[in-house]
Amino acid sequence: MSHSNLTPESLEAAFAPFREKMQAEGLSESAIRAFRGSYAALLAGETGMIPETTIKPAQELPRADDLKAPSAERAAELLKQTVLIKLNGGLGTGMGLEKAKSLLPVRGEDTFLDLIARQILLLRSKTGGEVPMFMLMNSFSTSADTAAHLAKRFPQLGGTETWELMQNKVPKVLASSLEPATWPASPDAEWCPPGHGDIYACLAGSGWLERLLSSGVRYAFVSNSDNLGATLDPAILAWFADSGMPFAMEVTRRTESDKKGGHLAVRLSDGRYLLRESAQCPKSDEHLFQNIDEHRYFNTNNLWIDLQALKAALEANDGLIPLPPIMNKKTVDPRDGSSPAVVQLETAMGAAIECFEGAGAIEVSRVRFAPVKTTSDLLAVRSDAYELTEDFCLRLHPSRNGQPPHLHLDQKLCKLVDGLEQNFPNTPSLLHCRSLLVHGPVECGADVVFKGDVVIHNHTQAAVKLHAGVHEGPISVGG
């Protein structure tokens, strides 16, 4: 159901029950306006499709590796004007966690959050103050755990009032009538997270945007809390400040394993950069979308934002950044496939690149992109294929030349963290491992080294014990 002849009056009438529902929950006017923008696109029947004929590939970009580091004085001056924001709203539900993914141990006892805190404190020790500012964008499901962890481990970072940005929530939309979904059996199921594009409404609606600007903070560096390669690099900060750009995205070269991920492109109608995700690509253009030589850059979700430009853009756009909505079709109760069909409206923060005149991008090396989405990623970053630098950055070992190991663990056994730790109570050496495929149960002992391409096929129910030493090539048991 869509309303192609949408008028401002008919939009307002259709949106009224959503406005009431959001106001009753105490959501800010900024959050309501942002959701109204997404809802209007849904009502108008917009598909969000970006055909190949409307874009061209992004050409050569400036490279972070070519930048010169600013002087210590210049770096200190810029850090005073900078806030580092980490997106921390995600529960590691895909890995069987009921807590923030950033609370997973990644090096010894140290969690993602510990390493982020150490990065901040190290930068502050160099500037000799409380700069750069640091913020976490939490959700209702990550706030309490995160606050308790930081209070215990890093009390010097202060309480939530000094660093927490709280993500909003938005109503699910009934697919049949485009009205607010209701589910009395579990009222929480009527709401969903709005995606990280919510950061702009969060900054504005919470008052933080004004607070930051009035305290002299002009630049924000935003990245995912599970990407420990995304440190605040003074060379990129200086480049961004000198460029005068309102917004810049760090992109890196796509490889064969990234061909289904979104890419950067240039819109032909106005020459602005945009992001195209696979869901926005018509089926007939799929082969072009996946051509990594043509569309060579993808978004790392490391973003640089000029907060003065953000404030001006919000004022010029009736208080919202008009992000293209992502429309996810689900059931209102995710645990009940027979419950009513809903549309969950989300936005992605990187899509804002198309909303700023003069926005740009910079090519970074793969070391600034080490996200952990699966237990395979987690095993890789826990291993020696990644090194922990003196500035607490976790990055791919230089000897790997930008190529992470390709791990395919048995999804029946290792999809969840508990299963990973049962099969890999010890982390193997993956420094010289090109790929690892595991089928069936294993028990990884201490000092196990995987080399080259390793394939383990265990056709029995009993775990294969992997003993100390080098393992390469195929290992087959039973069958």
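Placement of Cβ uses the backbone N, Cα and C atoms for every residue, glycine included.
Keep in mind that TrEMBL annotations are predicted by a computer and have not been checked by a curator.
Listed in sequence order, the residues of the same chain lying 6 or more apart from Lys373 (UTP binding site) and placing their CB within less than 8 Å of its CB are Gly94, Asp226. Annotation note: Lys373 (UTP binding site) sits in a coil segment as assigned by DSSP. Taken from TrEMBL, the feature UTP binding site covers Lys101, Gln167, Gly195, Asp226, Lys373.
Under the heading substrate binding site, TrEMBL lists His196. Note on His196 (substrate binding site): other Cβ atoms within 10 Å of its Cβ, all shown chains, come to 23.
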Let me know how many other Cβ atoms fall within 10 Å of the Cβ of Lys101 (UTP binding site). 25
DSSP three-state assignment (helix, strand or coil) for His196 (substrate binding site): helix
Counting across all protein chains, other CB atoms within 10 angstroms of the CB of Gln167 (UTP binding site) number 24
When DSSP states are folded down to helix, strand and coil, where does Asp226 (UTP binding site) land? coil
Which residues, sitting 6 or more apart from Gly195 (UTP binding site) on the same chain, put a CB under 8 Å from its CB? Ile326, Glu346, Thr347, Ala348, Met349
Among all the protein chains here, how many other CB atoms are within 10 A of the CB of Asp226 (UTP binding site)? 24
Where Lys101 (UTP binding site) falls in three-state DSSP terms: helix
Span of the UTP site, taken as the largest CA to CA distance across Lys101, Gln167, Gly195, Asp226, Lys373 (Å, rounded to a whole number): 20
